[in-house]
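Student: After the structure tokens below, expect a handful of questions from me.
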């Protein structure tokens, strides 16, 4: 059902085009890590306002950044087979519509965080939005094969934002959650870049495999996976998580490591996509284990 009218040109636009702009699957994972950050920052139950308004504000700001990414990348998206059906290159939406939609989400999200959560969370969320939508998308993505390593800081912010939404401050445990997502980001995106290498070459985007080749990138994926496995043990070592979390970190990390060893040894596009997809399961599972390990005694009234 088409239910949004765009006055310019009288073109009917499906509401799903606007939803697509927000990259909802990415935002869901980001907000989930933010919620885990909230629970880990709380000695008992998370304050209701922080959980609801904070999560919504972070989600709206993330959706705004994603829409700006669509706007900045419309030329690249039109070239790449994976993205040419997105709302802008397909002609379903116009740049001004996307800019207006993104601005609305951004103002709403940041306003909610500033008014009902705390200024620190609003400021960090704004910095993350600018870092992803402008610094990464407009500059780093086109300037260096280390784009995702440097720009990954913006995408790693949600668990830190969740923490500050509850406490109003940053501490070492919050930065540790940030570090996990930060180290996870390069192997996640490099696997996709290997699988879609021809697309990135056509679009002239200097992703790591475009500049240094597949073999080098597969090695980097493996090395970062080893680093990620080590970093993922730090919550257990610092008593943020217990034995349940440790079992999940070792199990999920071991499987991810084995998959990326196979990725190094086996040519072809099938394993890069498997690695990319499993990395999402890995991050969700790791943070879910942290949440359950910390909150299970509270939920059981122990």
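Backbone N, Cα and C atoms are what each Cβ position is placed from, and that goes for glycine too.
Sharing the features that Swiss-Prot gives for it:
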- 26-46: transmembrane segment (TRANSMEM)
- 48-68: transmembrane segment (TRANSMEM)
- 98-118: transmembrane segment (TRANSMEM)
- 120-140: transmembrane segment (TRANSMEM)
- 148-168: transmembrane segment (TRANSMEM)
- 174-194: transmembrane segment (TRANSMEM)
- 221-241: transmembrane segment (TRANSMEM)
- 244-264: transmembrane segment (TRANSMEM)
- 280-300: transmembrane segment (TRANSMEM)
Student: Among 98-118, 148-168, 174-194, 244-264, 280-300, which stretch has the highest count of C-beta pairs below 8 Å with the transmembrane segment (26-46)?
Tutor: 148-168
Student: Grab the same-chain neighbours of the transmembrane segment (120-140) for me: Cβ-Cβ under 8 Å, and only residues 6 or more beyond its ends, written as numbers and ranges.
Tutor: 54, 57-58, 61-62, 64-65, 68-69, 72-73, 106, 109-110, 113-114, 146-147, 150-151, 153-155, 157-158, 160-161, 164-165, 168-170
Student: Which bits of the chain, at least 6 residues beyond where the transmembrane segment (280-300) starts or stops, bring a Cβ under 8 A of a Cβ in it?
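Tutor: Beyond its ends, the transmembrane segment (280-300) has Cβ neighbours at 29, 32-33, 35-36, 39-40, 44-45, 159, 180-181, 184, 188, 232, 235, 240-245, 247-249, 252-253, 255-256.
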Student: Are the transmembrane segment (48-68) and the transmembrane segment (148-168) close enough to be called in contact, which here means at least 3 C-beta pairs under 8 A that are separated by 6 or more residues?
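Tutor: Touching, yes - the transmembrane segment (48-68) and the transmembrane segment (148-168) meet the threshold of 3 or more Cβ pairs under 8 Å.
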